[in-house]
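The feature region 'Disordered' is assigned by TrEMBL to 42-68. Per TrEMBL, domain 'NIPSNAP' is recorded for 109-203, 216-313.
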Amino acid sequence: MLLTRLVTSAGRPAAATLTRPALPHRLAPLIGTSLSRFTTKSEDSAAAAANEEALTGENGTTSGKSLPKRASSLVSSILHGSPQARQDAKDTFSRLLARGKYVHELCEHTVKPECLEEYVAVISEFYPRITRDLNPKVKLCGSWVPEVGKLDTVLHIWEYEGYPAHELLQKELKGNPAYHEFHRRCLPLLTKRSSQIMLEFEFWPTSPPVTTGGIYELRSYRLKPGHLLEWESNWRRGIECRRDVEHPIGAWFSQLGGLNYVHHMWAYPDLETRRRWREEAWTKEAWSTTVYNTVRLIDEMHTNILNPLPFSPLK
């Protein structure tokens with residue numbers, strides 16, 4: 001979020017059939033509606049294309065060269081639905097999975113190893129001022145430094161009350177002298193940055209500020225495109241058998257930036273406790289079933305063990 005601007009300005013046998021789990025009852029009506037809209041728009045689009053072609057053919061206003069394009073468009077519309085219908089289906093799934101109240105942003109800043117201490121000092125001074133002095137609809141969820149995983153990196157998660165709050169903050173920062181000073185001081189300390197806009201899963205709200213005194217784990221998965229709904233359906237059931245023991249912090253899926261990503265965060269007293277809790281989860285059939293059903297949906301996975309920075313609301 002903040003340092004996205006910061007660095008940019010610096011310079012630019014037969015295989016067994018796997019049966020998908022039945023969708024929860026609450027999902028069926030919504031998905032049915034989505035598919036109905038999808039099919040209807042496909043039929044309307046195909047009919048409109050056919051009528052237009054017939055009319056232009058009679059009037060002689062369309063050349064023969066344009067007919068293959070029209071035929072291709074017609075076939076694509078019949079097979080796949082119109083672009084608008086496909087977008088409507090995608091938007092429906094996002095509304096179905098997400099709580100809808102907040103937008104989150106995961107910012108990853110890669111710092112020059114010799115500059116990490118200076119970076120933390122600068123960020124500790126400026127970041128708390130954003131939620132204190134600027135937009136009250138923007139909150140810092142937490143800031144962490146990886147102990148295992150992506151070293152020389154600092155991770156930040158921000159929470160906005162919708163996209164308007166995100167846009168308003170960008171405008172406020174443009175005219176803020178303190179931000180420009182922060183920009184000047186931090187710019188030489190970074191080598192790389194990335195940002196993802198995320199939505200939180202409806203079944204797993206992001207934790208409010210809390211002090212655990214331990215470590216955090218951020219697990220990130222890149223899913224095969226088109227499998228988010230199936231992943232959520234399985235994960236929703238499996239996560240319940242871990243809530244009794246572990247401390248879930250949040251779970252999100254990406255909307256902008258790197259796509260097809262799912263992230264979830266946990267808090268543990270220490271690594272040994274993490275090991276014991278995870279082993280206990282594996283003794284429960286629901287969890288092993290969840291892993292079996294979801295691992296085939298994943299292209300890539302990564303984990304970071306994190307230590308919170310002193311000013312982090314989650315620490």
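The backbone N, Cα and C atoms fix where each Cβ goes, and this holds for glycine too.
Automated prediction, rather than curation, is the source of TrEMBL annotations.
Helix, strand and coil counts from DSSP across the domain 'NIPSNAP' (216-313) read 39 helix, 37 strand, 22 coil. Across all of the domain 'NIPSNAP' (109-203), the predicted model scores a mean pLDDT of 93. Secondary structure of the domain 'NIPSNAP' (109-203) per DSSP, as helix, strand and coil residue counts: 46 helix, 34 strand, 15 coil.
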